[in-house]
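S.K.: Mind looking over this structure? Questions follow.
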Amino acid sequence: MSSASSAPPAAPSEPLRLMAVHAHPDDESSKGAATTARYAAEGVEVLVVTCTGGERGDVLNPSFEVPAGHEFETIEGRRAVRRLEMAAAAEALGVRQTWLGFVDSGLPEGDPLPPLPEGSFGLVPPAEAAAPLVELVREFRPHVITTYDPSGGYPHPDHIKCHEVAVEAYHAAGDGSRYVVEGGAEPWEPLKLYYNHGFSMARMRAVHEAMQGAGLESPFGDWIESRTAREIPEREATTHVAVADFFTQRDSALVAHASQIDPDGFFFAVPRDLEADVWPTEEYELADSRVPTALPEDDLFAGVREGDR
Ligand SMILES: [Zn+2]
């Protein structure tokens with residue numbers, strides 16, 4: 001894929017490409033999953049990039065059974081199981097997926113917080129952490145990149161680091177004087193950068209109220225009222241992508257992460273027809289654009305598609 005072409009991006013007949021950069025296997029299924037399924041179904045080339053192997057994720061599903069021939073006690077064992085799960089999730093979404101190869105930092109807990117484990121993604125120096133993603137951007141040549149906002153979306157060190165490497169790759173991949181790799185791919189300048197807004201308070205409030213209105217128990221009540229939630233600054237969504245037709249694929253992808261996602265838990269507490277009625281979109285925040293576009297948008301490729309320019 002290292003063509004020497006310097007043709008403008010999205011030239012006629014060239015397929016559109018979307019790169020979704022995530023911290024751990026399962027994040028691609030809980031943040032913007034239906035969007036990736038929709039674009040893949042429309043013929044966009046979609047590549048999910050997973051920064052770490054999820055090696056420090058605990059079992060979060062009480063009904064999880066370790067697959068035959070595997071174990072979940074060691075870093076290597078967890079990595080192998082989560083690779084199986086990730087492959088099944090990518091298949092459910094109809095997308096390609098690849099790994100950056102860093103090691104999960106785990107979510108540090110305690111006061112004071114303990115140091116991050118040696119060798120983990122959170123401790124990798126910035127340029128070293130961004131280098132493999134810069135190279136991947138040059139190889140895959142995405143028109144659009146999605147990742148997390150500067151807070152990481154929630155305060156996991158790998159999510160914050162994921163934001164940092166994605167922003168760095170977005171800005172550096174087109175500059176041939178940076179991240180020079182002998183025999184590497186040609187520079188490539190992506191056109192738009194977005195932050196995922198999957199867990200917006202506006203969405204949770206709307207779904208919460210609709211569930212109460214329907215006499216159902218809402219999974220969001222405690223969270224909406226909590227101090228932590230109220231202290232998270234609301235960020236502005238610029239882009240609303242209609243994805244209700246892809247909720248089923250999203251749910252299949254979530255279930256594929258059997259060690260992490262409880263099929264009777266939080267993610268499945270909202271009836272899908274209610275969700276499709278109340279909140280049929282996934283939200284994004286346009287962080288940077290190299291093409292003209294008018295906000296709000298309903299398409300990550302607004303301004304990029306043939307005919308837009
Ligand atoms: Zn994560």
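For all residues, glycine too, the Cβ spot is worked out from N, Cα and C.
Predicted automatically and left uncurated, TrEMBL annotations should be read as such.
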S.K.: To which of HIS159, HIS163, HIS171 does TrEMBL also attribute binding of Zn(2+) at the site defined by HIS24, ASP27?
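M.R.: Of HIS159, HIS163, HIS171, HIS159 joins HIS24, ASP27 in the Zn(2+) site that TrEMBL records.
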S.K.: What range among 1-34, 205-238 does TrEMBL describe as region 'Disordered'?
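M.R.: Region 'Disordered', as annotated by TrEMBL, spans 1-34.
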S.K.: Under a criterion of Cβ-Cβ distance under 8 Å and sequence separation of at least 6, what residues of the same chain contact ASP27 (Zn(2+) binding site)?
M.R.: THR50, HIS159
